[in-house]
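In what follows, a structure is listed as structure tokens, so that the remarks can point back to it.
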Amino acid sequence: MSLEVAVIGAGSWGTALASVFADNGHRVHLWMRNPKQAEEVNTRHVNEKYLPDVRLSENIVASTDLQEVVHGKPVVLLAVPSHAMRAVTRELSPHLHPEVLLIHATKGFEMESLKRMSEVIAEEVSPAVAEGLVVLSGPSHAEEVILRSPTTVVVTSASEDRMLRAQVLLMNSYFRVYTNPDLIGAELAGALKNIIALGAGMSDGLGFGDNAKAALLTRGLAEITRLGVKLGAMPLTFAGLAGIGDLVVTCTSKHSRNWRAGYLLGQGKPLDEVLEQMGMVVEGVRTTNAAYALASREEVSMPITTVLYRILFEGTSPRQGVEELMGRGRTRENEYLGPYHT
Ligand SMILES: NC(=O)C1=CN([C@@H]2O[C@H](COP(=O)(O)OP(=O)(O)OC[C@H]3O[C@@H](n4cnc5c(N)ncnc54)[C@H](OP(=O)(O)O)[C@@H]3O)[C@@H](O)[C@H]2O)C=CC1
Ligand SMILES: O=C(CO)COP(=O)(O)O
């Protein structure tokens, strides 16, 4: 059955997911802020700023009118950066159909409250809509999804019915959608891996090799799992698509905005110049800040995150950061096998 779908946010991820819906036979209403960009999508069928090399389906229509895009649609997908989530959700909330299937695909935290995106959204929509909210996570660079390159993701929700509906709506021959009931885990894993991707890019930018990358991935997974579990996640989710899957893709792909930003930082560029040069959202920077605060609040050891925090916000150089990490005291690999040495 063909549905009217609203996609909110026309950066790379929103545009790629709009294409998935369009390929699945749905009519997509894509919201964006810039009228010139909307006209480009409607006349030339291209999103020049974010995915310039791909012709979009004529079943994707763009608009800058948020109310019109959302009003009465049975499916609404949010793909705005984490810093914009509360304001955008608040504005569209009165126009949501009471039985809407609401999905979000954003990977980050609200800085001020340290809340996950689904917690932020739940505070801005009706309880019934919040109850059925679906989170989409997993290893999925927009640049590959838009080319219909085989991709796997997970959807999760407190409502099994909504989770299954989202799976059916999004799944196709190149976009394979798994379900996972661990909403907290899938959401946290997807957000926290961006910190480690920054670190992996930095390691490459410093000229280190595969050993350093493997160390960052493995020890990074250990510490983001530690925080995730303390915040209510199931550990196995970190061994799945939203965890190790997304960690691998983001730490090893040149498509990754976080890896690329880390690479430039490793080469000695200051953070403000790096962010300016990127011109796209680098969620890992804010997420490092949020995770550093969460780790301190929850008393969870996160050495890589702590060092990255110092590099990003306190003037430690990437090289000093590596010395700090490598020079820490002796410890066990796995805390489940016994307590840390002191
Ligand atoms: N890109 C990817 O492959 C993937 C991204 N994600 C996640 O999706 C989310 C969006 O990322 P992505 O699409 O890559 O980002 P991009 O940088 O490609 O695009 C950002 C989009 O957000 C819009 N935007 C920026 N600020 C605001 C604001 N204050 N209010 C409303 N809209 C705003 C931009 O509009 P404008 O152009 O007008 O500035 C643009 O449409 C992030 O959380 C990211 O982690 C998840 C999986 C894959
Ligand atoms: O989450 C992503 C891929 O799954 C996108 O990561 P980047 O924002 O680093 O490009």
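Yeah, the Cβs are placed from backbone N, Cα and C, and that goes for glycine too.
TrEMBL entries are annotated by machine, without manual review.
Bear in mind that the values here come from a model prediction, so they are computed numbers and not experimental data.
The domain 'Glycerol-3-phosphate dehydrogenase NAD-dependent N-terminal' feature in TrEMBL is assigned to 4-160.
The Cβ of Gly9 (NAD(+) binding site) has 26 other Cβ atoms within 10 Å, all protein chains considered. DSSP classifies Gly9 (NAD(+) binding site) as coil under the three-state reduction. Taken from TrEMBL, the feature NAD(+) binding site applies to Gly9, Ala10, Gly11, Ser12, Trp13, Gly14, Ala142, Arg257.
Look at Arg33 (NADPH binding site): DSSP puts it in coil. Around the Cβ of Arg33 (NADPH binding site), the same chain contributes Thr64, each under 8 angstroms and 6 or more positions distant in sequence. Per TrEMBL, NADPH binding site is recorded for Ser12, Trp13, Arg33, Tyr50, Lys107, Ala142, Arg257, Val281, Glu283.
TrEMBL lists Lys107, Arg257, Asn258 with the feature substrate binding site. Secondary structure at Asn258 (substrate binding site), taken from DSSP and collapsed to helix, strand or coil, is helix. On its own chain, Asn258 (substrate binding site) has Asn194, Ala197, Leu198, Gly201, Thr250, Val282, Glu283, Gly284 as residues at least 6 apart in sequence with a Cβ closer than 8 Å to its own Cβ.
All chains included, 28 other C-beta atoms sit within 10 angstroms of the C-beta of Asp246 (sn-glycerol 3-phosphate binding site). Sequence annotations record features per position, and here TrEMBL assigns sn-glycerol 3-phosphate binding site to Lys107, Gly138, Ser140, Lys193, Asp246, Ser256, Arg257, Asn258.
Summarising the annotation, TrEMBL assigns domain 'Glycerol-3-phosphate dehydrogenase NAD-dependent C-terminal' to 182-322. Per DSSP, the domain 'Glycerol-3-phosphate dehydrogenase NAD-dependent C-terminal' (182-322) is made up of 111 helix, 0 strand, 30 coil.
Just so you know, the Cβ of Lys193 (sn-glycerol 3-phosphate binding site) picks up 34 other Cβ atoms within 10 Å once every protein chain is counted. According to TrEMBL, the feature active site, proton acceptor maps to Lys193.
Non-local contacts of Ser256 (sn-glycerol 3-phosphate binding site) by the CB criterion (under 8 A, 6+ apart in sequence, same chain) comprise His141, Ala197, Gly201, Val249, Thr250. Counting every protein chain shown, the number of other Cβ atoms lying within 10 Å of the Cβ of Lys107 (NADPH binding site) is 28. Here the binding-site residues are Gly11, Gly14, Gly138; the one with the fewest Cβ atoms within 10 Å of its Cβ is Gly11. All protein chains considered, the CB of Ala10 (NAD(+) binding site) has 27 other CB atoms within 10 Å. DSSP classifies Ser140 (sn-glycerol 3-phosphate binding site) as coil under the three-state reduction.
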